[in-house]
Amino acid sequence: MGSMKPVKTNKAEEPELEPLCCCEYIDRNGEKNHVAACLCDCQDLDEGCDRWITCKSVQPETCERIMDTISDRLRIPWLRGAKKVNISIIPPLVLLPVFLRVASWHFLLGGVVLTSLPVLALWYYYLTHRRKEQTLFFLSLGLFSLGYMYYVFLQEVVPKGRVGPTQLGLLTCGLFLILLALYRAKKNPGYLRNPASNDRPLSSGQTECLTRKGQEKTKGFPGAESSGSLNNRTPKDEPKGSSRVLVGSPTKVKEDWCAKCQLVRPARAWHCRICGICVRRMDHHCVCCVGESNHQAFILAISIFLLTSAYGITLTLDTICRDRSVFTALFYCPGVYADYSSALSFTCVWYSVIITAGMAYIFLIQLINISYNVTEREVQQALRQKTGRRLLCGLIVDTALSCKNQSSGIHSSSGMTSLRN
């Protein structure tokens, strides 16, 4: 008899999860839930409603739990499970058409609404940046504003017969070029990733080793914390006049260690607190993170938007306020509120003017930044450290930075740059 071969025993296979239907999803607690049960079993919401009805104050923790529950249950049916919808994209879709149509009822309402919209947008912008939160509000506002302005143009301006096919084609091409440039700008801005984490996650031993290396690199640096993290150091903790270029080190190292990303950052790279990752030559974070790889696409998107918006404003004013120049029609267009269609078009023109003026200001700042070879992040850092000197009523700031880098081909500059306030 031949020798019997040992039989290999297979490990107990884990039971496979049942496939989800289009209306089912896995909630934040790891349980299967259904879209139809979105209003069920919400004790925090019931408690909040009871306190609102009885005119009692609601604790901030309860409000945060309610918002987390709403954002988790706000989903749309989709193949292989319901997809989660970011709650921040909804307010622009609802409020913008309502506000613009209310503003078209009377010029006084128009003045109040068009003044309050930028104030609310800036307030929300600084609120999210202070909380270091990612939001799709401004991306949704920008894209929906483009779509809604184009819709009003097609519905209210084109039927009046003053816009020809060639003019409509040019405006449509400008709109598609804006979307294409935005798509390119939303791509990777130049993220710096840990080479050890590309293929597999780091183990605890590797993490401790990298942290220990980071502590050794930051040991002895002026202003470094005991944890060895240069990234966690706030501008207030840094000595006045310090910079990321380590002139006092023997080898004049121009790199520092990021304890959050567990990597060594090259010169002029910064950790984006909103994206949670280091970006090569980071400029700023607005709708998306702008860095070395997508800065050109960002500038291109703004420039195309300015040209397209100015062209659309000119066509609209030439249609609803005939025989007047663009500047005159913008401030004096008698009888425009007698017709609701003309009033809505005029209100959208003023909304576009406000947005275009803001984008033109950003575009001017970016041009000055590029001409003096400094990023907006370096400007803000110099202002926080009180090493920058404001000129021309704060429009230009002398950061006293020297960006000369022979290895990367960066030319030295005078350090004059603009301030985006």
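All residue numbers here begin at 1 and follow the chain in the order shown.
Note that Cβ sites are derived from N, Cα and C of the backbone, with glycine treated the same way.
Now, the feature entries from TrEMBL:
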COMPBIAS  195-209  compositional bias 'Polar residues'
COMPBIAS  210-219  compositional bias 'Basic and acidic residues'
DOMAIN    254-380  domain 'Palmitoyltransferase DHHC'
REGION    194-245  region 'Disordered'
TRANSMEM  85-102  transmembrane segment
TRANSMEM  108-127  transmembrane segment
TRANSMEM  136-154  transmembrane segment
TRANSMEM  166-183  transmembrane segment
TRANSMEM  297-317  transmembrane segment
TRANSMEM  349-368  transmembrane segment
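Contact check: the transmembrane segment (349-368) against the transmembrane segment (108-127) gives at least three Cβ pairs closer than 8 Å, residues 6 or more apart, which meets the contact criterion.
Tallying C-beta pairs under 8 angstroms between the transmembrane segment (166-183) and each of 108-127, 136-154, 297-317 places 297-317 first. Broken down by DSSP into helix, strand and coil, the domain 'Palmitoyltransferase DHHC' (254-380) contains 70 helix, 16 strand, 41 coil.
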